[in-house]
């Protein structure tokens, strides 16, 4: 196909624009709902609220794109801190937990 590289670039730009548009629409829905629910508290500080919401969304998305987890940010607790089980019981059988036959 002639100009295949051009069409590939245009296609991926379209996909990126669709993703950004969906993100902006979702955030605008959350912003509008929160401002309608708490107008006396957030209407004067709309810019700061939007900045905080964008930062929270950025940090949430960053954890899905990198190999950073909550457990690796707490090195003083070790690889498996007491009270925090990285694999929920029943999903992955361990040597001390035999697989149930049902």
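Cβ from N, Cα, C; glycine included.
Note on residue 22 (Na(+) binding site): other Cβ atoms within 10 Å of its Cβ, all shown chains, come to 10. Taken from TrEMBL, the feature Na(+) binding site applies to 18, 21, 22.
Here TrEMBL flags 79-102 as region 'Disordered'.
The feature transmembrane segment is assigned by TrEMBL to 6-27 (among others). Here the transmembrane segment (6-27) has long-range neighbours at 53-54, 57, meaning same-chain residues at least 6 beyond its ends whose C-beta is under 8 angstroms from one of its own.
Sequence annotations record features per position, and here TrEMBL assigns transmembrane segment to 48-70 (among others).
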